[in-house]
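According to Swiss-Prot, the features are:
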- Glu12: active site, proton acceptor (ACT_SITE)
- Gly78, Met153, Met174, Glu175: substrate binding site (BINDING)
- Asp198: active site, proton donor (ACT_SITE)
Amino acid sequence: MRIAVIGAMEEEVRILRDKLEQAETETVAGCEFTKGLLAGHEVILLKSGIGKVNAAMSTTILLEKYKPEKVINTGSAGGFHHSLNVGDVVISTEVRHHDVDVTAFNYEYGQVPGMPPGFKADEALVALAEKCMQAEENIQVVKGMIATGDSFMSDPNRVAAIRDKFENLYAVEMEAAAVAQVCHQYEIPFVIIRALSDIAGKESNVSFDQFLDQAALHSTNFIVKVLEELK
């Protein structure tokens, strides 16, 4: 099976790249694509760059050029739910934009005109990730909504404003909704699996620098387990 894995930053893709066999890397429009073998699958690993425009552009190139059957978006995120700690892993059930507001024209907050309010992750991929999370003993793995915006969430006032807009939001980051929207348009199954590098609004910038590598390790190890179970 041909599986695409997307991470925004070098720190988020480096560990998985090192695990690929027969790896070959090429750069298209500034986006780095590495093809290789892992867990019996052909894996295309994309380093997309940070933010929604980079994520949307590179995911479009990925789907057009490499034709993956499924897409997994990995990397770090800021925890939003009160039950979460740095290092925990969040599996998306749904992904939304948290910085889109066209409510003046009767759209839901976060809804892009012409698009659904949120993008549902593939149920089979979520179920498979849930199965894998049952084997995790040292870290907490949960599933829930992830929201995306082109801002790092270090401002407590901004965090509070987003809490008012979305109930049961588990994590925030800067690429997933763009990846999900492109996959929705191409009808490609996707899931987002993110490990927490910080807790949004609580000295997030300091925590991010300290725990990015830990978050990358947790998310990569979890994705390897998913690939091993994927048939």
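Counting begins at 1 with the first residue displayed.
Each residue, glycine too, has its Cβ placed from N, Cα and C.
The model shown is predicted, which means the values in this text are computed figures rather than measured ones.
Here the features listed in Swiss-Prot are painted onto the structure.
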{"residue": "Glu12", "record": "active site, proton acceptor", "contacts (Cβ under 8 Å, 6+ apart)": "Lys47, Thr74, Gly75, Ser76, Ala216, Ser219"}
{"residue": "Met174", "record": "substrate binding site", "contacts (Cβ under 8 Å, 6+ apart)": "Ala8, Ile50, Gly51, Lys52, Ala55, Thr148, Gly149, Asp150, Ser151, Phe152"}
{"residue": "Glu175", "record": "substrate binding site", "contacts (Cβ under 8 Å, 6+ apart)": "Ile6, Ala8, Ser48, Ile50, Gly51, Lys52, Asn54, Ala55, Asn73, Gly75, Thr148"}
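The substrate site is defined by Gly78, Met153, Met174, Glu175, and by the 8 Å test on Cβ atoms against their centroid, the other residues of the chain that qualify are Ala77, Thr148, Gly149, Ser151, Phe152, Val172, Glu173. Residues Gly78, Met153, Met174, Glu175, recorded as contacting substrate, have a largest CA-CA distance of 13 Å.
DSSP classifies Glu175 (substrate binding site) as coil under the three-state reduction. Using a 10 Å radius centred on the Cβ of Gly78 (substrate binding site) and all shown protein chains, the other Cβ atoms total 25. Cα spacing between Gly78 (substrate binding site) and Asp198 (active site, proton donor): 5 Å, rounded to the nearest whole number. Met153 (substrate binding site) has a Cβ environment of 26 other Cβ atoms inside 10 Å.
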